[in-house]
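Have a look at the structure below before the remarks.
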Amino acid sequence: MDNSTDKKAQVASRLPVPPKRKRVLSDENQEQMQRKRLRSSLEAELPTVRVAASIATSRPRAAPIAALPKPQVIGRQSLAVIRPKNSIPGVTSAAFSGKPKVSASATQPAAISGDKKKRAAWDLKGQVSDMRDKVTNYKGKVQNLSGENVRLQNSKDKLLRDVEMLTSENTKLSKERCTLESQLQEVRQQVSALEREVARLTELCQRQEHTLSSQSISIEELQGANTSLTKQLLDKDVKLVCVSGENTSLKHTVKEQTDEIAALTVSVAEKDTEVHNLDTERRRLHNLVQELKGNIRVFCRVRPTLTQEKELPAGHISYPSNDDKAVVLSKMEESHVGREKKDAVKYDFNFDCVFPPSCSQESVFEEISLLVQSALDGYPVCIFAYGQTGSGKTYTMEGPEDITDDTIGMIPRAIGQIFSSAEELKAKGWQFTFTASFLEIYNETLRDLLINRPDKKLEYEIRKVNSSNSQLYVTNLRYVEVSSVEEVHDLLRIAKANRSVAKTAINDRSSRSHSVFQLRIEGENKQRDLKTSSVLSLIDLAGSERLDRSLSSGDRLKETQCINTSLSTLGMVITSLCNKDSHIPYRNSKLTYLLQNSLGGNAKVLMFVNISPLEENFAESLNSLRFASKVNECVIGTARANRK
């Protein structure tokens, strides 16, 4: 205490004595000057105390417990005491345990300041001395806190080492736990498998027991049955002795029947050969009959008068009663001078057959059925209807619009006969395949009638299959393989809907094109190693007409010209065949070029000439009959079957 007082005295003695000034300052100015000096001296002398950063990071922040001493009042204003940065007064080790305690040293300045009297504002030395005491007190607190920090740091290191040791031990225990869990899982799986095996064995044992019991019952039943069978066996042995004797006699009978069967087999083979020879002879005789009738035959058919034609004159056609192959056209001529009537001029015609208006479709087909049969025998057959427009060609070949069983035309009837005859020939070892096509020739242009919407870009050309074969085909034409009559009828309906027809002055529904239906027939007899190939062509020609009567113009005129030209070419081809010319003008028309294999010497041709019963059509009927008469006089040679 003495030293402190001496130091204070020395400091007081060293303070400068302000000189006397003439002007005396006011009390407030003096107090301000004293405050500034005190602050500057405190800032120079007070040390900056910082608490180590480890304390702030290793423990929670504790609020200061002991309050700093209140600032002393110097004069009228208080002088604030500047506390060092980061200092935590009054904090001990108890702050880390969550229970803050107030140290005795922290409370001491407050007690002292409370006991001491307040210094006067002018006693700056005293105030400085008090501040130094406070600084000394704070330094002691800092030393205590540093020691506490070191102790806590050591405790932290020890705890970290303990944590590392426990962590490693925990890791080891975790690995052991995982191993034990995997072993436990394996054991559980083994136990589950064993339980399933035990269940399976238990079920198997139960089934075995059930089976054993059922087999025991079966054994008992079999033993009973065995007893009865033993008795029956004894009876059978007795019967066997009797049957053995019968068997010996039956063996002799079987031997005799085997010899008889062998003889019958030889007889059947001979009969089969004989049947084949007879069938071949039948084909030869059938063909001979057809040749005797002529390979080009002409049938004349007169259509009946329609209801709307009853009032029109129709008496110029007569039929001799003693000759069913003749037809007579007669016409009354008038004198040009006196207009006197002369005797009727008669025109007599003879054909292979004449059908008056009363003849039905069935009776007409009976005359051509033998010719249709020739197509199955391997001969190319061509049947076409010729005549003026409205003479009944389409009715003859296809039938009317409302078809019935009685009015079916020649095309569907011929198809029906072909398929029925092919079915009968299957018993003789023949197998047939049929391919149908239907086209029309309109203005010398080929059209496919089996396509509803033809592509205008497609071109239809008649070509040969190859250079070594005379067989023809049409490019891009639809060829349909058929196996029943119904399929062919469907094709006929499609073609009929697509055919080109138009109204003219002579006929309300005139066919303006030649329709050509062809059925290619391929036959094979594997037993006899025979093959046949032929084409059945059924044609409805467009109606011929005179331009002065039809009054055609525009498209109808062009159609009429093309029709008449192609029909004229057909007549020239037939005439050339009759004359056996070296050149046959097949290429002059698409119709004759397509039918060249069906018109030549290897084919059988039948022509229907259709005429109208009305007198107004006398000139057209006369021209048609004259053309047909020329065709009937032709002899194109002997037809040969296309067989291999």
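Using the three backbone atoms N, Cα and C, a Cβ is placed for every residue, glycine included.
Sequence annotations record features per position, and here TrEMBL assigns ATP binding site to Gly387, Gln388, Thr389, Gly390, Ser391, Gly392, Lys393, Thr394. Look at TrEMBL and you will find 142-211 tagged as coiled coil. Residues annotated as domain 'Kinesin motor' in TrEMBL: 295-634. The region 'Disordered' annotation in TrEMBL covers 1-41.
All features noted in TrEMBL, drawn onto the structure.
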residue	record	Cβ within 10 Å
Gly387	ATP binding site	29
Gln388	ATP binding site	26
Thr389	ATP binding site	25
Gly390	ATP binding site	23
Ser391	ATP binding site	29
Gly392	ATP binding site	23
Lys393	ATP binding site	26
Thr394	ATP binding site	26
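Looking just at the domain 'Kinesin motor' (295-634), the mean pLDDT is 85.
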